[in-house]
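Here is the structure we will look at.
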Amino acid sequence: MGFLKPTMAILFLAMVAVSSAVDMSIISYDEKHGVSTTGGRSEAEVMSIYEAWLVKHGKAQSQNSLVEKDRRFEIFKDNLRFVDEHNEKNLSYRLGLTRFADLTNDEYRSKYLGAKMEKKGERRTSLRYEARVGDELPESIDWRKKGAVAEVKDQGGCGSCWAFSTIGAVEGINQIVTGDLITLSEQELVDCDTSYNEGCNGGLMDYAFEFIIKNGGIDTDKDYPYKGVDGTCDQIRKNAKVVTIDSYEDVPTYSEESLKKAVAHQPISIAIEAGGRAFQLYDSGIFDGSCGTQLDHGVVAVGYGTENGKDYWIVRNSWGKSWGESGYLRMARNIASSSGKCGIAIEPSYPIKNGENPPNPGPSPPSPIKPPTQCDSYYTCPESNTCCCLFEYGKYCFAWGCCPLEAATCCDDNYSCCPHEYPVCDLDQGTCLLSKNSPFSVKALKRKPATPFWSQGRKNIA
């Protein structure tokens, strides 16, 4: 016990040091120490900040080679310099070391933002929220304070922002009409809404509204939880229609006044251009930085207001609570361009709900248990595993291993395997790459021996 107390004290001091390093990375060095940011920090000091950032964002174990770590460190240093130079200008918004601080802007855009998608067919533009002379709207509104906005969520590395934007708007109108804030399932949209939308490869909110209407409702996040990967549609959960909507409409385009009128009545799905470096590293304040109108990210407008004479929108993102203002962004409102900041007024849309949800049918039956994955007549792996041959001769496999992922890549070393999102095996580094020569990698998984079933193998074959 005598050894335990000093150890705990050392750990506590280390944690304080880490916390201080992270805080220092967000406040300019000039403010804290009175020296120039450019060249003001030593290499060791920046490395300390970087190591603390890795721990904070759970990336400490994600770099599997010194070359990769050195490359990420150089990118981090450049982003840190960009953050400090911006914050020294005392503008309306501040930057910080977000979860994207070790990515170049090209990497950030290619991994976390979807390609621009054009809606097929005409928009359902309605005059319901068209701005008119004489409209009396509140000076500010925040649907979070009215209980119509669920907790900030995190889409992860899946390009499913469209699903989070859709669900956020549906959760909002459902609470406004029924009084119940029910957290709904983005994963159901990712898995099941595949007629036009493409799961982790992008989609549009209007198509997702159409899916919910045609399906007769959508399930809860609790019963159909988010996984962050494309999956097979669970038909039983798809038929659990907990929350319904009756229709959807589009806000008149290129009109921030019409968008204001819409947001005064309910949370609104919006699309914006989020690919700029300042957006990548946004920390707080009213964002009025450089951005265009190449819409590549779906979010939710949940309010608006004014601070020190500057109008803003309140926007809920889907990158977790560590990004921005606890997961939110304030964007400049009433700018000179009719498209709004970052194109916010180009494609806003919203669900319509006229009445209560269907009666609660009680607990739904669990989804059927999937059978084991069958490797051949003599070996099986657990459900949702991939069979990988351990020993083969000619065309025959004499021993099987199990990779604990669906649709995995079996590496040629007969020992490891890779997720289907990172299908390229790097046997030298023991990692899986997003593509050949890609900077993005994860650690390769080990196979486990398959289960033999000598006596009943043939009996179980369908």
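Just so it is clear, glycine is given a Cβ too, placed from its N, Cα and C backbone atoms.
Within the set Cys291, Cys388, Cys389, the cysteine that Swiss-Prot bonds to Cys342 via a disulfide is Cys291. Of the cysteines listed (Cys375, Cys397, Cys402), Swiss-Prot assigns Cys375 as the disulfide partner of Cys387.
Candidates considered were Cys192, Cys200, Cys233; Swiss-Prot assigns the disulfide partner of Cys158 as Cys200. A separation of roughly 39 Å, to the nearest angstrom, links the Cα atoms of Cys381 (disulfide bond) and Asn317 (active site). Nearest to Cys387 (disulfide bond) in space, judged by Cα atoms and limited to the active-site residues Cys161, His297, Asn317, is Cys161. In the three-state DSSP assignment, the secondary structure recorded for Cys381 (disulfide bond) is strand. According to DSSP, His297 (active site) is assigned to a strand segment. Among the recorded positions Cys161, Cys200, Cys342, Cys375, the ones whose Cα sits within 10 Å of the Cα of Asn317 (active site) are Cys161.
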